[in-house]
Amino acid sequence: MQNKTAGRKDIWSVITLGILLLYALVLVLPLFTLLKESIFKDGALSFEHFGEFFGKKYYYSTLFNSLKVTVAVTLASLVIATPLAYIMTTFKIKGKLYLQILILISSMAPPFIGAYAWILLMGRNGVVTNFLSDVFHITTPDIYGFSGILIVLTLQLIPLIYMFMMGAFKSIDNSLIEAAESMGYTGFKKVWKVIMPLMVPTILAGSLLVFMRALADFGTPMLIGEGFETLPVLIFNEFTSEMGGNAGFAAAISVIVVVIALTIFLLQKFITNKKSFSMSALHPIKEKKESGIKNILAHLFVYGYLALAILPQLYVVYTAFLKTSGRIFVKGYSLDSFKAAFTRSGDTIVHTFTLGLIALFFVILIAILIAYVTVRRRNAITNGLDIISMVPYIVPGSVLGVALLLGFNNKPFLLSGTATIIIIAFVIRRLPYTIRSSAAIIHQISPSIEEAAASLGASNLKTFFKITLPMMLPGVISGAILSWVTIISELSTSILLYTVNTKTMTIGIYTEVIRGNYGVAAALSTILIAITVISLLIFFKLTGRKEVSL
Amino acid sequence: MSVTISFNNVIKKYNDKPVISGLSLDIKKGEFFTLLGPSGCGKTTLLRMVAGFNSIEGGEITFDDKVMNRITPQHRNIGMVFQNYAIFPNLSVKNNVAFGLKNRKIPKDEIERRVDHILDVVQISQFKNSMPENLSGGQQQRIALARAIVMEPNVLLMDEPLSNLDAKLRVDMREAIKLIQHEVGITTVYVTHDQEEAMAVSDRIAVMNSGVIQQVGTPREIYQRPANIFVSNFIGRTNIVERSLKKVDNRQVLIMDENYQIDLDDITQYAEEIIKVSIRPEEFTISDTSEGMAGVIQHNVFLGINVHYTVQLSNGENVEVTEESTLGEPLEPGTEVKLLVNKEKINLFHYESEKNILEGDSYAK
């Protein structure tokens, strides 16, 4: 119910306008500059950049590469995540609780570490490659290019759909299944005709998330793609090219990426609106202990997936403890790589913490305020704020990086090269997720709690700080940990924005891998993974949850 | 310090659609006043307009002649009790109750004293330092009540405060609420859809339907002399039948059936016409003589104190009849009976307007 009494034109209107202005400055302005750069050349309106892109095979093939990767990754994730979630819901699996946690941790580790790990194992000089050719004289298939990207991104993104599906499976009431069984639907027919149709909205939502991530991912194709270039890689290369970057051209490619993302986003929204229904289960599906071949296959599937997802990253951690001579690993163990990491890249650890924590502070603050006004003060302005804050969801990191650099390249907003611009990037990229989770918390708080405070004479701000915020706090803290984990593994925007003074660990790992300093890269990766795992363990401990929603 | 509340031609619109159009009402100082009606009738909307959570699109609401329309809830000096209690889960019982007092910058020892006193009044002193989540629904509702009245508000507003409690607790709590209200003497506006609860607690009741007040009166008045068919149906159970008024030998008679007619001496102005008659189940008696309306028992339901019968009249109409239960089996379906009507208690309504023809206690002598 809309409440418009005299008291409603209150402090919250001021806060809403303030945040809107901020967004106009740090997001809308750069995106407009990006658009302007893409369609102007030498001061005149021209579509030459677009013509150039679609005119040369070298350029437009990246568009097909990107679509190929994105569609393949989305399908592959779906094909593996669906049975995984189904098995985890309906089967009794040994060590399920720990498996859940491991699946989540595997998804939160920085994606390019996965790429790096697969290079270490299956690359030209990889251990598995060498082992197979030395012992069995088998030449392994090439990991570089499309296949490598597909493997790494799929393994990375399966948990995203998996988490969506687990939530949906939990909301299917067991009586629906029993009703279907009583009408003769059993086994595969039951799954295909009864359960899967109920999962359609979830599958769509999860697929969209995976699609966006795969489309926007920069680190994986950059490291393992080699000749197989995707759009984000092309944007980066064109923008930073040593032969004088071409900002206008990079901007034009960025516009193309955003158009693709927007199209898919709207398409998904359209289909979901037509197909959506809500469920809640009084009696969720119970797990059953199976026996025989079914049981063995189920365990094989789950453990097999997890081994593929985690072992490569563990191998990276293992190599961090190997002795190195120059750039090559030699026999024996030592902590030299860590020593080198601290002396050469110690400042990247410091930067990760300072930039990350400052960004985290603003993410939480702004997310809480936006979530509050969009839930409790619904009107045209707060709706607008809601939409603007979701824009970064469809703008890939590299595009945002280019936009920010173009937008803040000149006075009075000369920010390029500063820590501020990186913090801005972190904040706007993470906000959509944190706003969603904070809004979900506010939805759970009855409005009458705030009315009770008002009826007792408390002002709006007092009510917020004394009542609403303390009630939100547990949810906000767990949301903050997830934000923290994603912020520290951010690569695609910061790699465009960083300078020596703002280089973070992810950029450190990336540059060391490119230079071939595998020992240092492994040590830094190990530290980053350790921070991630510890943060997530704190999250699980704090919330008592076994799942994460991004 | 309690106040009178006046509604003068109050209008409420949602998105330009009027839900209350021009409602007027006066609530007396210190009165326990209930807004009663089916869900969607506008009673909660009206209550929230008094509280200031809903805007007023026309007319005015005054507390003791002071217009409240533009005053925010924070400044109306009201106490409100919500359907879901709205207890602050992050504060202890004591701090919940002290929340409003602290906001008023009242000295610490006075807060302590007033909180202790009010916790005694609502009988939850032993939970003073507990967190709300450990308390039952009834106890939480007592905290909500204490939190509202400790502020010594001008007006106490309660929005279906008992509807989340189980049946037995609901009865206990309504006794407690009534007692406490009388003790502190605050003008109270209470919203409920439960007519029995309304009768149990209220000094006066306004029955509402579709944003319009149907009748204002004491519980006895609205039960015994409902202003119209809606009220008569909504309060308690009743049978509505259509019958004719006739003039026979200068007497006013109501033709119940060809063999049973009732003399209605007090009505003069309604000569001959068809009217609607409301007869509550307990206003029938099953006759042991040959006088009365002929009917056949359809079902019986034994309910302890009473037996409910469904009786089919000779014209095919079904009516509900309640009889005090007696030893032995109730009358079996198929039994032919004669029904007598307690003519002082029944209500007669104009056919078109459905308004009550009788005025006040015209038969009560």
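For all residues, glycine too, the Cβ spot is worked out from N, Cα and C.
Keep in mind the model is a prediction, meaning the values are calculated, not measured.
Here is what TrEMBL says about this protein:
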- A:63-268: domain 'ABC transmembrane type-1' (DOMAIN)
- A:349-539: domain 'ABC transmembrane type-1' (DOMAIN)
- A:12-35: transmembrane segment (TRANSMEM)
- A:69-89: transmembrane segment (TRANSMEM)
- A:101-123: transmembrane segment (TRANSMEM)
- A:143-165: transmembrane segment (TRANSMEM)
- A:194-216: transmembrane segment (TRANSMEM)
- A:247-267: transmembrane segment (TRANSMEM)
- A:296-318: transmembrane segment (TRANSMEM)
- A:353-375: transmembrane segment (TRANSMEM)
- A:387-406: transmembrane segment (TRANSMEM)
- A:412-428: transmembrane segment (TRANSMEM)
- A:472-498: transmembrane segment (TRANSMEM)
- A:518-540: transmembrane segment (TRANSMEM)
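Residues 129, 140, 143-144, 148-149, 151-153, 155-160, 162-163, 217, 219-220, 222-224, 306, 309-310, 312-313, 315-316, 319, 482, 485-486, 489, 491, 506, 509-510, 513, 518, 521, 525, 528-529, 532-533, 536, 540, 546-548 of the same chain lie 6 or more positions beyond the ends of the transmembrane segment (A:101-123) yet place their CB under 8 Å from a CB of it.
Among the listed stretches A:143-165, A:247-267, A:296-318, A:353-375, A:412-428, the one sharing the most Cβ pairs under 8 Å with the transmembrane segment (A:12-35) is A:353-375. Fewer than three CB pairs closer than 8 A are found between the transmembrane segment (A:247-267) and the transmembrane segment (A:353-375), and contact between the two stretches is not assigned (pairs 6 or more residues apart). Where the transmembrane segment (A:143-165) meets the stretches A:69-89, A:194-216, A:296-318, A:412-428, the count of C-beta pairs under 8 angstroms peaks at A:69-89. Across A:194-216, A:296-318, A:353-375, A:412-428, the stretch most heavily in contact with the transmembrane segment (A:518-540), judged by Cβ pairs under 8 Å, is A:296-318. Proximity of distant same-chain residues to the transmembrane segment (A:296-318), defined by a Cβ-Cβ separation under 8 Å and at least 6 residues beyond the stretch ends, is recorded for 80, 83-84, 87-88, 91, 93-94, 99, 102-103, 105-106, 109, 113-114, 116-118, 120-121, 127, 155, 158, 290, 522, 525-526, 529.
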